[in-house]
Amino acid sequence: QTRSLLGVFEEDAAAISNYINQLFQAMHRIYDAQNELSAATHLTSKLLKEYEKQRFPLGGDDEVMTSTLQQFAKVIDELSSCHAVLSTQLADAMMFPITQFKERDLKEILTLKEVFQIASNDHDAAITRYSRLSKRRENEKIKAEVTEDVYTSRKKQHQTMMHYFCALNTLQYKKKIALLEPLLGYMQAQISFFKMGSENLTEQLEEFLNNIGTSVQNVRREMDCEVENMQQTIEDLEVASDPLYLPDPDPTKFPVHRNLTRKAGYLNARNKTGLVSSSWERQFYFTQGGNLMSQARGDVAGGLVMDIDNCSVMAVDCEDRRYCFQITSFDGKKSSILQAESKKDYEEWICTINNISKQIYLSENPEEIAARVNQSALEAVTPSPSFQQRHESLRPSVQSRPPAARTSSTGSLGSDSAALSALSLDSLVAPDTPIQFDIISPVSEDLPGQPKSSGQSGRRTNPFGESGGSKSETEDSILHQLFIVRFLGSMEVKSDESPDVVYETMRQILAARAIHNVFRMTESHLLVTCDCLKLIDPQTQVTRLRFPLPSVVLCATHQENKRLFGFVLRTSGGRVESRQTSICYIFESNNEGEKICDSVGLAKQIAFHAELDRKASEKQKEIERVKEKQQKELNKQKQIEKDLEEQSRLIAASSRSNQSGGEGQFVVLSSSQSEDSDLGEDGKKKRESE
């Protein structure tokens, strides 16, 4: 019965332990949540106090909001103090009693149970040894020891059992205390917390909260009104922007702006990945002063791509893509190929970079100056109706105009150029002269009315650098200098005596390009030698044009844009046959044009000195020929004298001979007559004089 009853008590103790553990975890969650709430409330109050120290990019100094949040921070700080007090009360009145019951009383039951089990096992072992005592061999010492063990184990078991049973009985009372005391402490702590809250939440605070609620409602109404206006704006913008959704909008509805000095937008940049392979990357590009910047998606700032002051920009054919253009730095060491999304962006980017390269952006009103430059170009150049129809869109002609003060070129910042001192404009450029923007290759057809000049009689060279059995015409040249140039245009001029003709030709060609949207330029290699100037295709090494150096009579650089240069070629033939004509060719280089002009001048000087040396050599050869002829005459005269002396000796010998009287004289005279017949007229005269 005792063992059975003990089993019931032990089962009850295990159930109490399991239930108390669950209740302890729930109360501990309440305690942890209260601590977290207290810490979060305190952090909220702290952040509200630090609002006035924040610097929001879109928020100004709102004193009303700052004071309101300070008031909230004060109230929430008081609530945080109340929560801290509640956390302390929960720790003392709720968590401490249930923790003591769990850690002390329940563990005591488990310990006593283990001790009782050990004592019972010891008692059973002692009884077993005592039962094994033999009745035959009486050993008082062993019997006494076994009896003592039985006595000790029974006493220990009895004492342990009584303490264990007492603890089990007491547990029934402690269970009630452990359940009620924490709940009582929890309720008392909450009542105390609510009392403190009611003391802090006064009528003045309630009025403050009502005012804040009214303000929130007003802000909400303003927000709803603003959202409605924004929705209407969005609908209007969607309707107005519908044509812009096309990648290439209609140019008649969206004209090209050519007066821009700033531009931004997405472009595709070409990156070389190998010798013949390349990839395209889309990035956001924008101009900043005289720099071209790019910014990849996700970057916080843009990076420098190229310095576009004094740079050159031209349209290029790149792979199978449209709207590509190339920007080359002023020193020619860096270039970048970009692709625009539409034709409008393509032309605007080229115009903008052109304007920036001329440093128009440094002036006070850059867009006005750019517009003035373009307006000057409009007034300066009009298309020629008499030019061939197939070239009228790309090759405008220049009408005759009375001389006046005009801009020197599109590269000037809108300033008026000085009047031409020596020649008028009409005396420099022939009226109704077509402008040629493309290089005519050697296999192209000659234009009607424009006979092929010596400067256009180019020949194709071996692209592999071999001469094919004939010696290259520039192989023996002392000077070989190669420059990268881009052909802007050429036209016939009336004069080739003043650099002003080059300046005026530059102005008209640049103005015509700006007016007729001709951005494409042919890049070539200009080879300067002592014999000629050659334009060579950089890809195929084909000689596009050849200019004999003696025909280049004038070379000059632009007064402001030093990368522009031109030279005048004097050729035979033209519109009027049987007369010499002058054609001015204009180029843009990566380097300074003065270097190219100096190289041409050096080549002409070397050619001039070579010509002087040639003439001196020919004169020396002529003198040597005269001397050689005189020497031959002198030798011939000496031979005649020698022959005469020999004849004289023969005559003397024949006169002394008695045997050959008349017969010897006849022989001598016959021989003399024979010699006279051989000498000719000059010899006879000399013989007679002798």
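Every residue gets a Cβ built from N, Cα and C, even glycine.
According to TrEMBL, the protein has these features:
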type	residues	note
DOMAIN	260-358	domain 'PH'
REGION	381-414	region 'Disordered'
REGION	440-473	region 'Disordered'
COMPBIAS	451-460	compositional bias 'Polar residues'
DOMAIN	483-619	domain 'PID'
COMPBIAS	626-648	compositional bias 'Basic and acidic residues'
REGION	626-690	region 'Disordered'
COMPBIAS	681-690	compositional bias 'Basic and acidic residues'
Residues of the domain 'PID' (483-619) by DSSP state, where helix covers H, G and I: 46 helix, 56 strand, 35 coil
DSSP residue counts for the compositional bias 'Basic and acidic residues' (626-648), split into helix, strand and coil: 23 helix, 0 strand, 0 coil
Predicted model, mean pLDDT over the domain 'PID' (483-619): 83
